[in-house]
Amino acid sequence: MGDPGSLVTEGRAGERSWCLRRVGMNTEWLLLEDGNEVTVGRGFGVTYQLVSKICPLMISRNHCILKQNAEGQWTIKDNKSLNGVWLNRERLEPLKVYSIHKGDHIQLGVPLENKENAEYEYEVTEEDWERIYPCLSPKSDQMMEKNKGLRTKRKFSLDELEGSGAEGPSNLKSKISKLSCEPGQQVKSHGKGKVASQPSEYLDPKLTSFEPSVKTTGAHVNPGPAKVIELLRKKKKASNPSASQSSLELFKVTMSRILMLKTQMQEKQVAVLNVKKQTKKGSSKKIVKMEQELQDLQSQLCAEQAQQQARVEQLEKTIQEEQQHLEGLEKEEGEEDLKQQLAQALQEYRSLVEELNRSKKNFEAIIQAKDKELEQTKEEKEKVQAQKEEVLSHMNDVLENELQCIICSEYFVEAVTLNCAHSFCSYCINEWMKRKVECPICRKDIKSKTRSLVLDNCISKMVDNLNSEVKERRIVLIRERKGKRLF
């Protein structure tokens, strides 16, 4: 049968998948499977379990959640983590969903005081499955399933130890790794080399998950997350720091003991490998004894790690309580600031209202002046209109009395003046002279007729200022008389 990994690769050959690529590493990539929610943290039950080798409290139990939205876009949410989630160097608000895209930079936790970058930094990418698969980090459930049968400690029999002598040091390394109290990681097989030069290569990687945060003397603790240190400092100023101080002291002591046990176990493993390398059968009892001592050391280390984990959880709980207390203090200070800001805003509001009232009075005075001016203008306009109407009325009287033909009772049309100085319409006097050759007014003989253009022009301009009815009637009259003249 072929390698199961190759079968998985062939089954998804040609596909492209989304993943979080660990910055600067070709391992521990996090696969984002379509349709599945991905959880990341240091606790159990998450999709990918991250155990910080520098600071155990850096990653929260359920640090963040990645899943697809209705449109298939991948999103990330900070699940109220202690040290936060950072997207493109900006911290995300807790419990708020943010979309992520190819090339985005994701950071879990914060850098330590003596580091420029955080321990867990990723880049969102989409790659071919053949490229991603060799670099993927195993899921938590896969690791638990793979190591179900390795939970029980086993002892080597004499025959196994004798047989292992012929197999060489590499086989012994894998057997020693099975003695771990929590064999959650696979031990890589290294070639032959100097055992003393690389003793940590033969340790169970699970034992190295808690890197010491203290020096070998146990007197100085390496800086933890900036947020934790700052919280503890604020707590010292605000209240009694006994709880956090005792937790930190226990943390220091336990880490020192874990470091000492790990050092002893490394030395014991190196000694077993050296003895096994030097002899094949002669020192079997000595090897069994040394491996029994190694088991005892590993058991002690397991117990210390369990205690340390409990203390870490207690310390985290204490820090959270202190953080809540500090938030309460900050809230009270914020309320005082808010009251001051409110009083200042109220004062500004009153000043603004007074200014608006003054402006309102000024505008009312301006409006009253404009209204008065408008009334005056309106009165003057009415006076002018009345005068105009009076002039038009007087002009109508003049037209009716002085510029009307007594024959047709219409305004003169082509006025002519007789030798007696009386004026008539040209058409009317011509018709009159067909019956009598004397003036209709004074009865003098008509000897001459003179056309009066000035009188015609004066009548035409005066008629233009009259109403449309008078204008239309005059136009019709002129047309009728021109038509009669043609006939």
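Just so it is clear, glycine is given a Cβ too, placed from its N, Cα and C backbone atoms.
What Swiss-Prot says about this one:
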DOMAIN    38-92  domain 'FHA'
MOD_RES   Ser157  phosphoserine
REGION    68-72  region 'Required for interaction with PIWIL1'
REGION    143-176  region 'Disordered'
REGION    182-201  region 'Disordered'
ZN_FING   405-443  zinc finger
Between 0 and 100, where does the mean pLDDT of the region 'Required for interaction with PIWIL1' (68-72) sit? 92
Determine how many residues of the zinc finger (405-443) DSSP places in helix, in strand and in coil. 8 helix, 9 strand, 22 coil
Summarise the region 'Required for interaction with PIWIL1' (68-72) by DSSP state, stating how many residues are helix, strand and coil. 0 helix, 1 strand, 4 coil
